[in-house]
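K.L.:
Quick paste from TrEMBL:
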- 246, 271-272, 285-289, 302-309, 323: FAD binding site (BINDING)
- 31-216: domain 'Electron transfer flavoprotein alpha/beta-subunit N-terminal' (DOMAIN)
């Protein structure tokens, strides 16, 4: 390989020789996917990141990086090893330092793995973890990340939304390796179960953690995690999402949406106005500063359709809006719109939709 490149450089001149070298190098491109896991399974958003790695190049060798400690980590590593046909290796960082999503130790881990692996691409999902980690790790590696990618047209040409999703920008990365990017998980479909069943199991390797020191812990510390126990699906990955806006008027009225969600097997979402008013906690917020969703069915009750909210749900397959204001912007993106009192509509739906079995 080296002889071929040297010969090409001697034969060519200027940009031609550079292009031959670049093409020869890209043929051996490899990708590192920074994955998240929970309950012994790789999260769906990280499976979408693997789909993005396939979009970079179908000949890519993909390594998956997992961190944490305990049996759940190793169970997740086994899941990752057979999660996609392109996965060639699973790297496991087994340490309590990575048990929680703190940017400081994770950024040091990513820098160490990158320096040893020499990956051409590093991909993470645009989750709160990915958004927290990627910029810090990119600064340590002295590169500029490409964020919130929705499409990959070439190995280093990406599409990402700007102006709250009202325009799409095509970006070409011209920096040095690695090309670091976060992807919008709703834009990349994970590998199907049928394809995963035919996937060969990749080897699992322990990461050398000799670089860890007191300095790696940084200035932030993990305090606690507060979460709500619910049988409803996760908002970011639900097939059906029922969202309420300020038009619901109170936290008590949001219970009507919860009842509807129970009947539909749906997740409950909210606008920023509803969250700011204290109707629901902020982990239910959908929008530019909340969660990005793209369910098969999105039902919006009392949602005006502010541009920041539309940025988080405009990719939904079918959008249904109920609002008494016929001029509400939400109707411009809705597939089905009903100008009516949302409480009357909710009452009728709760009566006519049977309970989920």
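Every residue, even glycine, has its Cβ placed from backbone N, Cα and C.
Note that TrEMBL annotation is computational and uncurated.
The shown structure was predicted, so the numbers you read here are calculated from the model rather than taken from an experiment.
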K.L.:
Rank the binding-site residues 246, 309 by the number of other Cβ atoms within 10 Å of each Cβ, and give the residue at the low end.
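P.N.:
Counting other Cβ atoms within 10 Å of each of the binding-site residues 246, 309 gives the minimum at 246.
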K.L.:
Which residue, of the binding-site residues 285, 288, has its CB surrounded by the fewest other CB atoms within 10 A?
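P.N.:
Counting other Cβ atoms within 10 Å of each of the binding-site residues 285, 288, the minimum falls on 288.
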K.L.:
Got a sec? Which of these binding-site residues, 303, 306, has the most Cβ atoms within 10 Å?
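P.N.:
Most Cβ neighbours within 10 Å: 303.
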